[in-house]
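TrEMBL annotations:
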- 66, 67, 68, 79, 83, 84, 85: substrate binding site (BINDING)
Ligand SMILES: O=c1ccn([C@H]2C[C@H](O)[C@@H](COP(=O)(O)OP(=O)(O)OP(=O)(O)O)O2)c(=O)[nH]1
Ligand SMILES: [Mg+2]
């Protein structure tokens with residue numbers, strides 16, 4: 001795999017994000033908190049990470065939920081996948097929501113999300129009067145059936 005360098009400033013006491021296994025797609029991100037926070041059912045909040053990044057041009061970071069938190073506690077990311085732009089220099093923050101029917105607590109240093117670094121393309125938009133015809137046409141949203 002190519003070496004992709006991401007510059008990072010860590011203003012938290014947490015360790016730098018890292019891949020946990022040889023082929024892990026995501027690096028876990030930890031909550032940068034002084035005290036624990038509790039989310040009531042359906043409550044959402046912005047959780048700081050203490051991380052500031054500079055991605056190479058042509059790359060984005062995607063913030064995604066952790067499946068364990070989702071299944072065990074109903075904690076997930078409201079805007080998943082969150083998008084970190086290559087030109088963003090602010091703190092990375094995570095929009096957590098409690099989709100369970102009980103209060104859920106996030107402790108300082110908890111791994112609350114995972115981050116995937118991915119390439120993207122920027123497209124040019126070309127305004128036209130007509131689009132080409134296809135077999136699908138405008139069929140969608142279950143048009144091809146279930147099986
Ligand atoms: O979960 C997220 C999503 C975004 N961001 C930061 C990085 C991103 O580059 C910037 C803008 O995100 P987005 O484009 O999703 O938000 P917006 O509501 O469109 O704001 P803006 O008008 O600033 O683009 O906010 C985060 O820290 N966490
Ligand atoms: Mg935006």
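Cβ from N, Cα, C; glycine included.
This view paints the features noted in TrEMBL onto the structure.
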| residue | record | Cβ contacts under 8 Å, 6 or more apart |
| --- | --- | --- |
| 66 | substrate binding site | 28, 111, 112, 113, 114 |
| 67 | substrate binding site | none |
| 68 | substrate binding site | none |
| 79 | substrate binding site | 95 |
| 83 | substrate binding site | 60, 61, 62, 63 |
| 84 | substrate binding site | 53, 55, 60, 61, 62, 63, 92, 115 |
| 85 | substrate binding site | 55, 60 |
* Asked: Going by DSSP, is residue 84 (substrate binding site) part of a helix, a strand, or coil?
  -> strand
* Structure fact -> Those binding-site residues among 66, 67, 68, 83, 84, 85 lining ligand 2, judged by a Cβ under 6 Å from any of its atoms, are none
* Asked: Under a threshold of 6 Å between Cβ and any atom of ligand 1, which of the binding-site residues 66, 67, 68 are retained?
  -> none
* Helix, strand or coil at residue 67 (substrate binding site), per DSSP? -> helix
